[in-house]
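Comments concern the structure below.
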Amino acid sequence: MENGSGCLNGSGAADSAEKAQQQQQCPAVQLSERNCEAVRVIGQYLRELGLARSAEALVLEAGCPLESGAAAQFRSSVLLGDWDGAEASLASLRRALWRESSWSEIAFRLAEQRYLELLESGAHIAALCVLRGKLTPLQFSPDRLHRLSGLIMCSGPEELRQLSGWSGAAGGTRQALLDSVEQFFPPSVMLPPKRLSVLLDQAVRAQVSRCRHHNTSLSPDQLTLLADHSCQAAASVPSVCSQVLDAHQDEVHVCQFSPNGRFLATGGRDCVAIVWLVEAAANPPGAPRVRHHLTLRIGEERGGVAWLAWSPDSRLLLACAAEEATEVIVWEAETGDCIKKLKHRDEDSLTTAAWLPDSNHFVVGGNRGHFYLCSVDVGFEKAWDFIRVVALATRREDDGGTAVLAADTFARIRRYRFDTMQDETLFREDGPVMSMSISQDETLLAVCVASAGVHLWDLRLRVCRRRLHGLTHGAYLLHASIGGPNQDFVASGSHDARVCVWHRGCQAGDGAQQHLLPDKLSGHGGLVSCVSWNPRHHGMLASASDDCTVRIWLPASLAAAALAASADGTGPGGAGFSSNGCCSSTVSKHQPPPLL
Amino acid sequence: KSPEFNASYSMGRLHIEHMGGERVFSCANCDCPLTNRQQLISTRFTGATGRAFLFNRVVNLDTSELQDRVMLTGRHMVRDVSCRKCKTKLGWVYEFATEESQQYKEGKIILERALINESEGFPDPVKD
């Protein structure tokens, strides 16, 4: 947009005398160097907004000219299209350049703009004169000169604009020319373009990087300037236990929300996988509650449920057993029907699994060296020999195929393509890997390393982004989960019976990202092995513990809403309050477990 | 099913490491993987049950408190080691040897032959 403001110092002969008088009469406020700079920057901002008179008044009262007289002349000449005047001003500014060598470039750009404007308006003879008399003698960039001379053959302004990529005299090119010239002069002569906007943007971005619980999808230029930005923890980070699910009879080792956020599956040493339904209460909206749906049994001798995996369409649930894990079982989550019991060989140990995107194929593996690709339709399909698998995840690749990511007992995370039988080592961890979890958008991998914490790997850049510390180490398996609308939150279990929640984007106050400590959620009575974020209700976290319960954690604001709803009697299930303010609810009804 | 935090419960699923290798040694009682032939330093040791092997690195072991023991080869500070899974005592680890000639054993683990099984493993196919 053309900025129509003219010259700022000394507009007309009649006015200037009056203004000079005014200036003498106004007690000149003594401004420090910094304040003067601030005034100049504000003046530039006002002028950019189109408030030219305010800018002028500001300059007058403060006595800080925005830029030197010659620069102001130059600016107004360019904006008005007075090319000769612009050249004259430029000549007088020549001394002020950072580098003498840039003068020819500025002169070239000025002449180029003049040439293109003349061509656009159809004055070909005049344009040719500029080409010969102004552009060629500068001997700057023969390539550009050649291209410019070619443009004279254009049949009309439309074609000229298209071929050259120049948007025309009315297309803001004069302002663009000024902006590009500003960089050659020191700020005392000409201010860098949009200086105040740049400074404000930097400030907001710095606030965002310090926001400890940043959890908004607003971009920095949408955030308010009126107060320092900081996301309310109450709205985004889980801190209150809203439900305690105690349907399990023994330690709970796994909990997983389905990809659509409607189901929660939990399993543990009691050899039972329980499917729970997640209901978002309608009144008030957004306060999700969990209730029992189905109890699914695996055989008692199997040592418990070691792993639960949801198919990407959230329809099927796969369970791996802990001991005697020769078989994996697939159920349909809605009805509880056992769809498949997959067994390949009697000596197999299949303790971990992951689904492929078609919700039909899945990979299973264990640390005795069994690593298979299977499907619900066909069963066992392919084996990859001699890999001792510790954890699995899958990721879609650019060519449409799916890569299986497997962590093995040598602390390597490798990529396997079962369709092309290609494999590749992606990362090497510096300690034994306990478990692995991929973010929903498949860009981040959270690896739990024994006695080291949670390491976040970026799968596109193939680097370790963060090392998260603060969880209590021990001899037992821990699982982590990445959640939040921008994959910003990481949660994991811990040996001290607390749930750890980190916000990975926040830079700690001392700038040392490595020492970002997690928020710790207390309430469980035993080791917390596994956590899972709800992919749809961000901020909802489930944790599974050795105290035989699964806890649901919500952000304080949501939890308060949930409590209010239950107190009214409108929420599902009964709710009781324990003295520390946590809401615990008994599961409303148990369906008779279907025997397999 | 007590909700109080009680460290004596068998809690969670144990993190069991596996060192791989072509010949794997495991606990004879519960088959928990311990180490492999590449880690074997010497077979000429003796434990309570007879022959014992000295290994460089062994995983999935719990260690006891430090003990002062006088052995045939001199005075040593050792810890007993047991299988992490089934808690069977399997041998000991040398932490400190008073005599200089015995210092090569420091950090190494003795496993009694009768308490471990040797079985067939497989080589690591990854070449990079």
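Cβ atoms here come from the backbone N, Cα and C positions, even for glycine.
The domain 'CTLH' annotation in TrEMBL covers A:67-126. Under DSSP, residues within the domain 'CTLH' (A:67-126) fall into helix, strand and coil as 48 helix, 0 strand, 12 coil.
What TrEMBL lists as repeat 'WD' is A:245-276 (among others). Within its own chain, the repeat 'WD' (A:245-276) is flanked in space by residues 290-300, 302-310, 312-314, 317, 319, 321-322, 331, 333, 336, 440, 477, 479, 526, 529-537, 542-552, 586-587, 590, 593, which lie at least six positions past its ends and keep a Cβ under 8 Å from the stretch.
Summarising the annotation, TrEMBL assigns repeat 'WD' to A:521-553 (among others). Helix, strand and coil residue tallies for the repeat 'WD' (A:521-553), in that order: 0 helix, 16 strand, 17 coil [DSSP].
DSSP places the residues of the repeat 'WD' (A:245-276) in helix, strand and coil in these numbers: 0 helix, 18 strand, 14 coil.
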